[in-house]
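TrEMBL annotations:
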TRANSMEM  31-53  transmembrane segment
TRANSMEM  131-151  transmembrane segment
TRANSMEM  188-208  transmembrane segment
TRANSMEM  220-237  transmembrane segment
TRANSMEM  243-266  transmembrane segment
TRANSMEM  286-305  transmembrane segment
DOMAIN    311-383  domain 'DUF1736'
TRANSMEM  372-391  transmembrane segment
TRANSMEM  403-424  transmembrane segment
TRANSMEM  430-449  transmembrane segment
TRANSMEM  458-476  transmembrane segment
REPEAT    499-532  repeat 'TPR'
REPEAT    533-566  repeat 'TPR'
REPEAT    601-634  repeat 'TPR'
REPEAT    703-736  repeat 'TPR'
Amino acid sequence: QIFNQHNAEAPNLEPVFHRMAPMEPTLDHDLSWFLLPSYWAKMVVALISFLCFANSYDGDFVFDDSEAIINNKDLRAETPLGDLWYHDFWGSKLSSNTSHKSYRPLTVLTFRINYLFAGGFYPVGFHVINIILHCTISVLMVDVFSILLGGLQFSNKGRRLNLAPKSSLLAALLFAVHPVHTECVAGIVGRADLLCALFFLLSFLGYCKAFRENKEGHTFSVFWVLVSVVLGAIAMLCKEQGITILGLNAVFDALVINKINLLELIRKLLYKDKALENAGLLRKGLLFRITLLMCGGASILYIRWRIMGTGPPAFTEVDNPASFADSLFVRAINYNYYYSLNAWLLLCPWWLCFDWSMGCIPLIKSVSDWRIIALAALWFCLIGLICQALCSEDSHKRRILTLGLGFLIIPFLPASNLFFRVGFVVAERVIYLPSIGYCILFTYGFSLLSKQAKKKKILAVAVLGILLINVMRCALRSSQWRSEEQLFRSALSVCPLNAKVHYNVGKNLADKGNQSAAIKYYREAVRLNPKYVHAMNNLGNILKERNELHEAEELLSLAVQIQPDFAAAWMNLGIVQNSLRRFEEAEQSYWTAIKHRKKYPDCYYNLGRLYADLNRHIDALNAWRNATVLKPEHSLAWNNMIILLDNTGNLAQAEAVGREALELIPNDHSLMFSLANVLGKSQKYKESEALFLKAIKANPNAASYHGNLAVLYHRWGNLDLAKKHYEVSLKLDPMAPGTKENYNLLRRKLEQLQKKG
């Protein structure tokens, strides 16, 4: 059946192939909104989405960026590309018991390309790619919403027609400026969600292309259905949610292509109606296409399962406390409460937080908790929308509401705790895709209000106001994601009960040298979560540095008691026990740390220091050698080996170790200094002088470097240069041990020489 239809994008009329029910009224008919040509609409959406997040382009690496990017060995050239397919998002082996099983090799590959082109860990390039991706996705949303809100129709030239230009523009703008997207765009690890969304949308658009009339007159193209499956697989290799597009494609096929009335279909299935074929299941190839989608999805999941292994992800109670509740009732109530919070973030994205775990949302344990109201409100709205989507006599309304609910709910299912435990309570990043459904429902609601409103311009101004507020909120939130200090402090007012927020604020302060303020936040983190071993470990470290050894020992002992395999806490406990001169206990703590973490160079280094204090020189050298084997750039271990061999008179061995170390770390001035001392004692003055001068060039303000070079010149007989460097050393550090005495000796010698002269 061929008929003519006005197209808002083109001035001419074209014959159009019918791909839906006979002409339905579109949302644009009553919508009081701007009508722009397609390319202008896309330009506007791209520009506004760019303005929302442009100020994040020069932000730092923050929060999870450290683990996923800076500490991820998969980004470095020395890691074979093939390893990416067997490692999780954080660079750990998928077969490891500690892996979170987040399998996103294509996302990690883009990080690696960023690192390669930038020549290192420079965050600007990473941020720019994220902003470009969000702008691209927002532009694609214009086409996606034109199909979801206006239907799928093609001209006889195969050109898809936009039957809802105004509503698709509004929905795309709502998506582009939603503040809940800030975590995905301004946080670099949000690249996973962005890439997933990109291929998710391409898969949907590819599936739509399958229904364009071809030259042979076939009603659909198997090729484009298969392309859609492949793009869905790529989306899943960027992030797990990507697989849900296959289910949404099936829903779209049933509702839009086959015009199935779900309620009518359910009735026929229940009553075993023989006229079931009339529902369109067989007539238009729906079952065949759904079979292709199901087979493709099952194959993708099977391959992923084989690579990932059978073990479930390893999460702790603090990550997702509701999932560890013994009572099924408590789990169900809290899961539903989490759903209501996600819905609220879509409706009112004002209170945003980088982390919602660790007490931020206390568990609901009884029906008397007032928060039950949120669950009731959520299900009241959902049931109302579902009833309208199923029972309305208006087929246009049924289609839009069902598609809106489908895009809202189906992409959220992997994060719902229904199929497997997830490692978070609420995560803003996981509602990037579900926000598509929210935008559909919002736009449809706005069209209904426009239809009833007498003063439509006031309504349009109100929606413009919402968009403007969201743009400003995006800009503000993006600025908070620019640095860890701003990000962590912004969370204090949103989640004051979140121990992790206080921990991160404390860690940030400690990194900046503000130990007194850091102690305050670490103590609050431990108060809020008495089992927070990482906070105990960091607090114990600071107290150790402040020589508050007994409290540090109590905290670290408690940490290893709560988590016996916490290697870092065992090592730090050993350092404290060493400082308290309880050497046997310290040695035992170090070996326990190494037992739980086989490759632990810092622990071997500290064990070597313990053995050196006990004059167990061979054991000390062996421990430091182990540290350098595990970490060849461990400068402190190399230095201690050189110094110990020097002090024990093994100058030849000390020289050999020093040269070996400098080959591995050629620009380390402390190693140059240590080896120069050894060469000076071996009377290799020229080579020693060269190393001293090189070390001084790298670190000109080190008093000991000038002082020891002066001693070398003093021994060598170059007294004028010795005098010069003694004076520089004393100027940098008037209290430098031994330097003043050596300088006085030199002056007396020079005076004697003058008298003789």
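Just so it is clear, glycine is given a Cβ too, placed from its N, Cα and C backbone atoms.
These figures come from a predicted structure and were not determined experimentally.
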Secondary structure content of the repeat 'TPR' (533-566), with strand meaning DSSP E or B: 27 helix, 0 strand, 7 coil
Average pLDDT across the repeat 'TPR' (703-736), rounded to a whole number: 88
The transmembrane segment (243-266) vs the transmembrane segment (403-424): 3 or more CB pairs under 8 Å: yes
Selected stretch (most C-beta pairs under 8 A with the transmembrane segment (188-208)) from 131-151, 220-237, 286-305, 403-424, 430-449: 220-237
Tertiary contacts of the repeat 'TPR' (703-736), as residues 6+ beyond its ends and Cβ separation under 8 Å: 669, 673, 676-677, 680, 685, 688-689, 692-693, 695-696, 742-743, 746-747, 749-750, 753
Residues of the parent chain within Cβ reach of the transmembrane segment (131-151), under 8 Å, 6 or more residues beyond its termini: 19-20, 24, 26-28, 38, 41-42, 45-46, 49-50, 53-54, 56-57, 160, 162-165, 167-169, 171-172, 175-176, 181, 184-185, 191, 194-195, 197-198, 201-202, 204-205, 208, 252, 256, 399-400, 403-404, 407, 436, 439-440, 443-444
